[in-house]
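Structure record follows, encoded as structure tokens.
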């Protein structure tokens, strides 16, 4: 095999850590470049950029997954990491090209899909959830540490050094894949696969979504996921910019906020989640997580003081238990040969939200005239505790500094009402109920047995951090 040693989960962990560590370093410089490039309608442009990227990822993920079943994982790991990190050096070379390439890089921004397929190739089914959890925890760890490091270096040495360092980490990741990562798809499978046709259903991003309405329980779960993850995806795209420019956080404070909330989220998803699942049950844990998410979003929407953001951040950590709890409910109540069908549906819904959520948040910010003023004003102490809006005479915006977050809270409230009707036991995906539809959602016919259907799409853990 090319690479160092036998393929292992640790190869996947290093690839994920380096990629997201590189992007985490850029948290502070990216906020500055975004404002300088789009001084007017910054939130709207930010939402559109992330929206295009998310929609392209949703459309391309099934095709890249199907091709990796034929040509192997290593080449597509190299492809996805290279094109995902390609915009990094452009931040200082040409900001316009930087944001344009970020949008277009969504076609290849599906590293998690290939990583989970890689892990599925080399693990037994009973080991897979633990391996996925290790990859997800690594993703969280990279984003907990890197923004603080990037903010410190930016403050001490300037943004250029941070961009150079992030580019170096990305190159290190590419070199690691080229030299150290062995192919996980067995060689005896690949020669047979080269001439294997790829069906349209395998590459169709809407294939799993069309099956949602065929079962009432799965429909309820997917509606719950859509209504709750739509605001979360929008929040991820704009929240750090919102903290910096509207609430008045410094770059160091934003980095500290990311670190603290990230650590609390890891604790919530490991220690607290297990306790809740044993004590109040799976469904009640989901409802509790949605309740925390409503409180968090409402607090973000009405909060105008820094301490309110910190308090809401602690609540946000508790809301991160929702998606692991939903994933556990599906996996516990679904037949083994139907896991990929249901998980694929939920993953497809989430991918769609990654495109729609940022665009929705940017549009709502634009509707309510929440814009940015000069960067220097934001850094002054007098502005630190005041909402920084282009139209401060707008009474609605004075009362609700963050209108998109309040819209998000209403969406999650609807999600909570839908979740009340999900049966906790006997999920209605039983043998034969979707058998005729499972072919396209299962692994490629030439894939190894160990790389089953839940290797083709990332499970919910990857975005719950």
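A Cβ is built for glycine as well, from the same backbone N, Cα and C atoms used for every other residue.
Keep in mind that this is a model prediction, so the values were computed, not measured.
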Of 182-205, 254-277, the range TrEMBL labels transmembrane segment: 254-277
Interface check, the transmembrane segment (12-31) with the transmembrane segment (160-181), three or more C-beta pairs under 8 A: yes
Non-local residues, at least 6 beyond the ends, that sit with Cβ under 8 Å of the transmembrane segment (254-277): 27-28, 31, 137, 140-141, 143-145, 147-148, 150-152, 240, 243-244, 284-285, 288, 309-310, 313-314, 316-318, 320-321, 324-325, 328, 464-465
Positions whose Cβ lies under 8 angstroms from the transmembrane segment (405-422), at least six residues beyond its ends: 217, 220-221, 223-224, 226-228, 230-232, 234-235, 283, 286-287, 290-291, 293-294, 297-298, 300-302, 329, 360-361, 364
Taken over the domain 'Major facilitator superfamily (MFS) profile' (8-426), the model's mean pLDDT: 79
Residue numbers, six or more beyond the limits of the transmembrane segment (284-302), whose CB comes under 8 Å of its CB atoms: 224, 228, 231-232, 235, 239, 273, 276-277, 308-309, 311-313, 315-316, 318-322, 325-326, 329, 399-406, 408-409, 412-413, 415-416, 419-420, 422
Which of 76-91, 131-154, 160-181, 218-242 contacts the transmembrane segment (308-330) most, counting Cβ pairs under 8 Å: 218-242
